[in-house]
Structure formats: C-alpha cells, structure tokens
Amino acid sequence: MIQTKNLIIGFGKAGKTLAGLFDKQGERTILVEQSDKMYGGTCINVGCIPSKKLIHEAKTDSFAVAMQDKDKLISALREANFNKINDLPNVTVINAQASFVDDNTVALSTGETVRAERIFINTGTTPIMPPIAGVDGERVYDSTGLLNLGDSQATAPKRLVIVGAGFIALEFAFMYHAFGSQVSIVEKFDSFLPKIDDDVRAIVLDLLNERGITVHLGQDVQEFKHLTEHTQVITDKMTLDADAVLVAIGRRPNTDALNLQNTSVQLSERGYVVCDDKLKATDHIWAMGDVAGSPQFTYISLDDYRIVADDLFGSGTRHRADRHTFPTSVFITPPLSQIGLSEKQAKDSGKNYQVATLPAQAIVKAKITGNTKGLLKAIVDKDNNEILGVTLFCENSHEIINLFKLAMDNGVKADYFKEQIFTHPTISESLNDLFAEF
C-alpha cells in the first residue's frame, strides 16, 4: 500500500494547480489520471483550447490543415502540463482508474492501493448521450468526437445536424459553417440561451439565419436512422439528412467509476459530489471543478483551487458564494458575453432598474472591421447607480466583459464608464456611449 499526504484524482485545472501548491509546501502528493490523453483536463484536451483553435483556424485554413494545427497545439500543451507536474520532486503522477475502498483508501486499476490523509476529486464531466435509437451510430458524435473528426476524414461534413442549442452547440455551428458545412440546429425547447434577454437572442437568431445556419426550435429528436450514405435525424415534426450529427445537450459528472458508495461522500440527484461552501464533501475529502457541481468553466475550476488552498493554508475566508458574479462568453462570431443580471432577472428580482442599449453598428471600430451585427446592453440600479448586469454581443466582447467583473466587484458605478478615457478606435470606447444616460 502507498501512503501519501495528498491524493488528487483527476489532472484538471484545479487538481494540477493544487499539486503544484502541495509540492511547494513539501507535502507528498499522488495525482491519478485515468487517461494519458487528458493531462491538463477537459479545457486543454477536449474543450476550450481545441475548440477555440479550430474557430480561429476556420477563418483562414482548410479543415484538414486546421485539424492538424489543432492537434499539434494540444499535443504540445498536454506534454507541457504533464512535465510541469511530473517533474515536481514531491508529486508522483500515476495513470490509472481510481476507485474508493473507504474514506481514506483508493484502489487503482494498476493493482496498487493508495491511502491518503486528504483526497481531492477533480474528475470533471463527460458529454451526455441520450437514450435515442441510433445514438451509437458511427455518424453520431459528442463534442470530443467532432473536435477530432480530422482523425478519420480530410474534409468537413457536407451536412451537419446539431442536437442542442447551448454554448457548445452554437460554437460548433459557427465553426463548422466556417469550414463549409451546411449546419442545422435542432432544439427540444421553444427557445435557447435562456439566460440571455429576448432582444439579444433575437439578434443571435437573425445572425444564424443570415449565415445559413437553420434553427429548428421545439422539436424533439426521436431517432437517428442510419442509411448507407447518410443519417436521418428524425424529430417529432420533421426529418433532416446529415453526414454527421453532433449531440450537445449537456454534460454529466464523472463519478460512476469512483465507487463513492464506499465512502461518506454524498451525490446529488444528477451525480455531482455534494460539497459545502468550501468544497468539502467530508472532513478530509474535497471536490473541485465540474464534478463538484461548479459552473463548467476552467476559470471557475481555478477559483475552486483558490478556495481549497485558502482553506488549507490561508485565512479560510474564501467561499463559493463569494463569486456570485462572473463573466461568461460564447465564442460565436461575434462573441456573446454576459455578466450579472439580465433584464428579465432584474425585473423578476423587483429591483428599480433602468436599461441602456447600443447597436454594434453605431461603433466606429465595428464599421472598420465590418462586424456591425450585435447589441450592447447595460442594466443599472436606478437608486444607487450600481451596475447590475451587462451583455455584450459584439466584436472583442470576450475581452471587454472582464472590465465589468472588476467594476462590479469593486463597486464602480455606472457613470464611471460614461466619462472614462479609452483608446480610439476601439470597441471599448463604445462604453462611453452605452453608459451615457446613467
């Protein structure tokens, strides 16, 4: 049996960063990762980085070249992540599946057993594949499969049908449209992007239609029927022909193989590890990142690390509740970014608020680049001029939205942006106009 101070299960953002901290503290740590293709976690290998690389490459390169460039980048990042942790003197990386024996003991698929004083679960999530007839067919992919489609073919599929209309689905829709695919989106519900206001959502839908990306709302997929040359996506209302199908309806936690029933750890109805506000599942077991039910973004996983690190070695004052406001971005073209309350949420909260909007076509920089489609929107408290929320559907919104994280965390009022000095010509200078009436 291997004895260690710390056992980290999963080589994700939080886990690898925590391993580095333990090394600096001189604490013996074992980091277990079941796949040598997942060093660095979901973001680096099958999430943010490969998808954003392909979105960028789709503007200029062929499908085959883009896939090759993506593979080179991911391989380099994966190797760098492994070496950075594996070279630490107090950390040992083991490739194995972990399975709990009890609260302190974990059996590995290598035949070894590890007993640890502290255990940290950082196993992430996996795409959900629904129990629909034909879902296991060779032309039906999850997001990981479609990111790696270049392994099996040199050109993008002529017709791509995407089931789902969330962040991942929309990013793939724009990406594969840029590669030349005819893209159709099928969504079970009558709307999409539920946290985005109707006026912004309408512009997103208009943009999809302008690009030739068809959106079919309120349609429930019944079957994937596989024919010799293509697959039919059969809904309760229509049939679509596809050369490839992406199922992007959400993700589920990777907890099944951990045998957590052998421990005191509790799981939610959806299988996430139940934690307190400091990410503790028991006295000496923590969960971090997606598997803890945290918002599924790598920067939230990093913040989970900060909470755990503060609990172990700091003041113990950091909590998940502290980050009630954080930015998000959907990397469509242009990107859609949001922080804080939407107008609907502000209304439902009963706040006395006012709204300002600015069309992207009014921004000089947008006219220069030709990216004039979009809308900027701010929600401000009438009583104290507090910024309640901002939605930016415009070029460079994924960068600009971070200004509002700083502003909202530090109590910067709306009128600050009205008179702030920005460089010209830029998208950010449009904030003068957006906040002019506050």
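The backbone N, Cα and C atoms fix where each Cβ goes, and this holds for glycine too.
Because TrEMBL annotations are produced automatically, they should be read as predictions rather than curated entries.
Small disclaimer: the values here were computed from a predicted structure and weren't measured.
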Co-listed NAD(+)-binding residue [TrEMBL; alongside Gly164, Ala165, Gly166, Phe167, Ile168, Ala169, Leu170, Glu171, Gly250] among Glu187, Glu269: Glu187
Annotated NAD(+) contacts Gly164, Ala165, Gly166, Phe167, Ile168, Ala169, Leu170, Glu171, Glu187, Gly250, maximal Cα-Cα distance (Å, integer): 15
Least surrounded among the recorded positions, given as Lys52, His424, when other CB atoms within 10 Å are counted: His424
For Asp290 (FAD binding site), the one of Cys43, Leu170, Glu187 that lies nearest, given that the recorded positions are compared by Cα: Cys43
Rounded Cα separation (Å) that holds between Cys43 (disulfide bond) and Gly166 (NAD(+) binding site): 17
Rounded Cα separation (Å) that holds between Gly166 (NAD(+) binding site) and Cys48 (disulfide bond): 15
